[in-house]
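Here Swiss-Prot flags 15, 19, 32, 36 as Cd(2+) 1 binding site, drawing on similarity to another entry. What Swiss-Prot lists as Cd(2+) 2 binding site is 19, 24, 38, 41, and the listing cites similarity to another entry. The Cd(2+) 3 binding site annotation in Swiss-Prot covers 26, 30, 32, 41. Here Swiss-Prot flags 45, 57, 63, 71 as Cd(2+) 4 binding site. For 47, 51, 53, 57, the entry in Swiss-Prot reads Cd(2+) 5 binding site. Summarising the annotation, Swiss-Prot assigns Cd(2+) 6 binding site to 53, 65, 69, 71 and lists similarity to another entry as the type of evidence.
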C-alpha cells in the first residue's frame, strides 16, 4: 500500500493531519501548506525569511514566493 501522499502511484496528494491541502497539486508537484509533512513529495521551494511559497509553486525552477519575497 503506497503512502498517503505517494502522488506518483495514487495521483492523490493528502497533507498531514490538521494541515491545509489548499493549492496542493498531485504528481511531481505534490505540495502541502507550509510546515506540513507529506510523504512522497519531491518538491522543495525555500522562500526568504518567514515568507511562504505561492500556490503555483511546482519546484525550485519556478519557485514562487509571496509578494515581496524571494526564493533562495
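Glycine residues also receive a Cβ, built from the backbone N, Cα and C atoms like all the rest.
The CA atom of residue 47 (Cd(2+) 5 binding site) is located 8 Å away from the CA atom of residue 63 (Cd(2+) 4 binding site). Per-site Cβ counts within 10 Å over the binding-site residues 47, 69 peak at 47. Looking only at Cα atoms, residue 69 (Cd(2+) 6 binding site) sits nearest to 63 among the binding-site residues 15, 32, 63. The Cα of residue 65 (Cd(2+) 6 binding site) lies closest to that of 51, out of the binding-site residues 15, 32, 51. On the backbone, the CA of residue 63 (Cd(2+) 4 binding site) and the CA of residue 51 (Cd(2+) 5 binding site) stand 12 Å apart.
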